[in-house]
(Lines of atoms letter the chains of each structure in order from A and count residues from 1; the text may use other names and numbers.)
(Lines give C-alpha, C1' and ligand atoms only; values in the text may rest on other atoms or scores of the structure.)
Protein backbone atom coordinates (compact mmCIF):
# COMPACT_ATOMS: atom_id res chain seq x y z
CA UNK A 1 0.00 0.00 0.00
CA UNK A 2 1.35 3.45 -0.84
CA UNK A 3 0.75 6.95 0.50
CA UNK A 4 -2.22 8.91 -0.83
CA UNK A 5 -1.54 11.63 -3.36
CA UNK A 6 -2.05 15.10 -1.90
CA UNK A 7 -1.69 18.65 -3.15
CA UNK A 8 1.50 20.36 -2.07
CA UNK A 9 1.32 23.67 -0.28
CA UNK A 10 4.76 25.24 -0.10
CA UNK A 11 3.68 27.87 2.41
CA UNK A 12 3.01 25.29 5.11
CA UNK A 13 6.61 24.11 5.36
CA UNK A 14 8.90 25.64 5.28
CA UNK A 15 27.91 33.07 -13.96
CA UNK A 16 25.80 33.17 -16.83
CA UNK A 17 24.55 29.94 -18.28
CA UNK A 18 21.11 30.56 -19.67
CA UNK A 19 19.33 27.96 -21.72
CA UNK A 20 15.72 26.96 -22.03
CA UNK A 21 14.33 24.87 -19.19
CA UNK A 22 14.34 21.15 -19.86
CA UNK A 23 11.32 19.01 -19.21
CA UNK A 24 12.80 15.56 -19.70
CA UNK A 25 11.45 12.65 -17.74
CA UNK A 26 13.68 11.07 -15.15
CA UNK A 27 13.89 7.59 -13.74
CA UNK A 28 13.94 6.81 -10.04
CA UNK A 29 17.43 6.33 -8.70
CA UNK A 30 18.91 4.42 -5.85
CA UNK A 31 20.49 6.40 -3.04
CA UNK A 32 24.01 5.50 -4.17
CA UNK A 33 23.43 7.09 -7.59
CA UNK A 34 21.83 10.34 -6.49
CA UNK A 35 23.61 13.51 -7.46
CA UNK A 36 25.05 15.83 -4.87
CA UNK A 37 24.76 19.31 -6.33
CA UNK A 38 26.93 22.24 -5.38
CA UNK A 39 26.15 24.06 -2.17
CA UNK A 40 22.88 25.92 -2.30
CA UNK A 41 21.88 29.37 -1.12
CA UNK A 42 19.01 30.41 1.09
CA UNK A 43 17.03 33.14 -0.66
CA UNK A 44 15.50 36.02 1.31
CA UNK A 45 12.74 38.49 0.58
CA UNK A 46 11.08 36.71 -2.35
CA UNK A 47 7.32 36.21 -2.57
CA UNK A 48 7.37 32.90 -4.46
CA UNK A 49 6.06 30.18 -2.09
CA UNK A 50 8.87 27.67 -2.66
CA UNK A 51 11.48 30.32 -1.80
CA UNK A 52 9.72 31.15 1.46
CA UNK A 53 10.46 27.64 2.74
CA UNK A 54 14.16 28.62 3.02
CA UNK A 55 15.24 25.37 1.38
CA UNK A 56 18.68 25.90 -0.22
CA UNK A 57 18.63 26.65 -3.95
CA UNK A 58 21.56 25.46 -6.09
CA UNK A 59 22.33 27.54 -9.18
CA UNK A 60 23.77 25.88 -12.29
CA UNK A 61 26.43 28.59 -12.47
CA UNK A 62 28.13 30.13 -9.45
CA UNK A 63 26.68 33.49 -8.47
CA UNK A 64 28.91 36.53 -8.45
CA UNK A 65 29.66 37.97 -5.03
CA UNK A 66 27.60 41.05 -5.93
CA UNK A 67 24.48 38.89 -5.45
CA UNK A 68 25.39 37.24 -2.13
CA UNK A 69 25.35 38.83 1.33
CA UNK A 70 28.96 38.86 2.53
CA UNK A 71 27.85 38.36 6.13
CA UNK A 72 25.15 35.68 6.18
CA UNK A 73 25.85 34.18 2.72
CA UNK A 74 22.17 34.32 1.79
CA UNK A 75 20.92 35.66 -1.54
CA UNK A 76 18.48 38.52 -0.84
CA UNK A 77 15.97 40.02 -3.24
CA UNK A 78 17.63 43.39 -2.58
CA UNK A 79 21.21 44.08 -1.50
CA UNK A 80 23.00 47.11 -0.10
CA UNK A 81 26.39 47.92 -1.62
CA UNK A 82 28.94 48.47 1.14
CA UNK A 83 31.96 50.74 1.09
CA UNK A 84 34.20 47.64 1.15
CA UNK A 85 32.84 46.73 -2.31
CA UNK A 86 30.82 43.82 -1.00
CA UNK A 87 27.05 43.62 -0.59
CA UNK A 88 24.86 42.74 2.36
CA UNK A 89 21.19 42.15 3.07
CA UNK A 90 19.09 44.62 5.03
CA UNK A 91 18.95 42.33 8.08
CA UNK A 92 22.73 42.04 8.41
CA UNK A 93 23.28 45.77 7.88
CA UNK A 94 20.68 46.54 10.54
CA UNK A 95 22.38 44.15 12.97
CA UNK A 96 25.81 45.64 12.27
CA UNK A 97 24.50 49.14 13.00
CA UNK A 98 23.48 47.95 16.46
CA UNK A 99 26.42 45.68 17.26
CA UNK A 100 29.57 46.46 15.25
CA UNK A 101 31.03 49.94 15.63
CA UNK A 102 34.49 51.49 15.52
CA UNK A 103 35.99 53.91 18.05
CA UNK A 104 34.15 56.80 16.43
CA UNK A 105 30.82 55.04 16.80
CA UNK A 106 30.43 54.31 13.11
CA UNK A 107 28.91 51.02 12.01
CA UNK A 108 31.58 48.82 10.45
CA UNK A 109 31.60 45.66 8.42
CA UNK A 110 32.13 42.78 10.89
CA UNK A 111 34.32 41.04 8.33
CA UNK A 112 36.51 43.88 7.06
CA UNK A 113 36.24 46.42 9.92
CA UNK A 114 35.71 49.32 7.52
CA UNK A 115 32.76 51.75 7.69
CA UNK A 116 29.67 49.98 6.42
CA UNK A 117 28.04 52.81 4.59
CA UNK A 118 29.88 55.33 2.42
CA UNK A 119 28.61 58.60 1.08
CA UNK A 120 26.67 57.02 -1.77
CA UNK A 121 24.42 54.23 -0.55
CA UNK A 122 23.12 52.07 -3.36
CA UNK A 123 20.38 49.46 -3.14
CA UNK A 124 20.31 46.87 -5.93
CA UNK A 125 17.25 44.78 -6.76
CA UNK A 126 18.33 41.19 -7.48
CA UNK A 127 14.91 39.84 -8.40
CA UNK A 128 14.74 40.14 -12.19
CA UNK A 129 18.35 39.04 -12.65
CA UNK A 130 17.99 35.98 -10.43
CA UNK A 131 14.65 34.86 -11.86
CA UNK A 132 16.38 34.33 -15.21
CA UNK A 133 19.11 32.13 -13.71
CA UNK A 134 19.12 28.37 -14.24
CA UNK A 135 18.79 26.32 -11.06
CA UNK A 136 18.63 22.67 -10.08
CA UNK A 137 15.44 21.27 -8.65
CA UNK A 138 15.39 21.50 -4.85
CA UNK A 139 14.93 17.73 -4.86
CA UNK A 140 18.13 17.05 -6.81
CA UNK A 141 19.71 15.36 -3.74
CA UNK A 142 16.87 12.82 -4.02
CA UNK A 143 17.41 12.12 -7.72
CA UNK A 144 15.59 14.79 -9.74
CA UNK A 145 17.68 15.99 -12.69
CA UNK A 146 15.35 18.80 -13.75
CA UNK A 147 16.78 22.26 -14.43
CA UNK A 148 14.75 25.39 -14.95
CA UNK A 149 14.92 29.11 -14.33
CA UNK A 150 14.45 30.29 -10.78
CA UNK A 151 11.25 31.98 -11.90
CA UNK A 152 9.83 28.61 -13.00
CA UNK A 153 11.01 26.63 -9.97
CA UNK A 154 7.79 26.95 -8.00
CA UNK A 155 5.70 25.49 -10.84
CA UNK A 156 8.04 22.52 -11.25
CA UNK A 157 8.28 21.89 -7.51
CA UNK A 158 4.51 21.56 -7.20
CA UNK A 159 4.64 18.61 -9.61
CA UNK A 160 8.04 17.06 -8.86
CA UNK A 161 7.92 13.30 -8.24
CA UNK A 162 11.08 13.34 -6.11
CA UNK A 163 9.73 15.14 -3.07
CA UNK A 164 11.13 13.41 0.03
CA UNK A 165 8.54 11.60 2.11
CA UNK A 166 9.29 10.12 5.55
CA UNK A 167 8.92 6.35 5.64
CA UNK A 168 6.42 5.39 8.34
CA UNK A 169 8.55 2.37 9.21
CA UNK A 170 12.17 3.64 9.28
CA UNK A 171 11.52 7.43 9.18
CA UNK A 172 14.07 7.93 6.37
CA UNK A 173 13.23 10.46 3.66
CA UNK A 174 12.38 8.61 0.45
CA UNK A 175 11.64 10.17 -2.97
CA UNK A 176 7.92 10.02 -3.70
CA UNK A 177 8.45 8.07 -6.93
CA UNK A 178 10.32 5.35 -4.99
CA UNK A 179 8.08 5.35 -1.95
CA UNK A 180 5.84 2.38 -2.69
CA UNK A 181 8.75 0.12 -3.61
CA UNK A 182 10.66 1.17 -0.51
CA UNK A 183 7.66 0.66 1.78
CA UNK A 184 7.26 -2.90 0.52
CA UNK A 185 10.93 -3.71 1.11
CA UNK A 186 11.74 -1.56 4.16
CA UNK A 187 13.76 -3.65 6.67
CA UNK A 188 11.91 -1.96 9.52
CA UNK A 189 8.49 -2.94 8.22
CA UNK A 190 6.38 -5.10 10.52
CA UNK A 191 3.56 -6.75 8.54
CA UNK A 192 1.54 -7.24 11.72
CA UNK A 193 1.43 -3.48 12.30
CA UNK A 194 0.58 -2.40 8.75
CA UNK A 195 -3.17 -2.13 9.22
CA UNK A 196 -4.21 1.45 9.88
CA UNK A 197 -0.72 2.93 9.79
CA UNK A 198 -1.36 5.13 6.78
CA UNK A 199 -4.25 6.84 8.54
CA UNK A 200 -2.03 7.75 11.45
CA UNK A 201 0.82 8.90 9.21
CA UNK A 202 -1.19 11.08 6.86
CA UNK A 203 -0.76 14.39 8.64
CA UNK A 204 2.96 14.07 9.27
CA UNK A 205 3.48 12.94 5.68
CA UNK A 206 1.73 15.95 4.15
CA UNK A 207 3.67 18.37 6.36
CA UNK A 208 7.08 16.86 5.75
CA UNK A 209 6.87 16.68 1.97
CA UNK A 210 7.10 20.45 1.41
CA UNK A 211 9.86 21.21 3.92
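Count begins at 1; order follows the chain as displayed.
Just so you know, glycine gets a Cβ as well, placed from its N, Cα and C.
No curator has checked TrEMBL annotations; they are predicted automatically.
TrEMBL has this to say about the protein:
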type	residues	note
REGION	1-36	region 'Disordered'
COMPBIAS	9-18	compositional bias 'Basic and acidic residues'
DOMAIN	69-113	domain 'RING-type'
Spatial neighbours of the domain 'RING-type' (69-113) far in sequence, C-beta under 8 Å, 6+ residues away: 41-46, 57, 63, 121-127, 130
The domain 'RING-type' (69-113): DSSP-derived helix, strand, coil residue counts: 10 helix, 11 strand, 24 coil
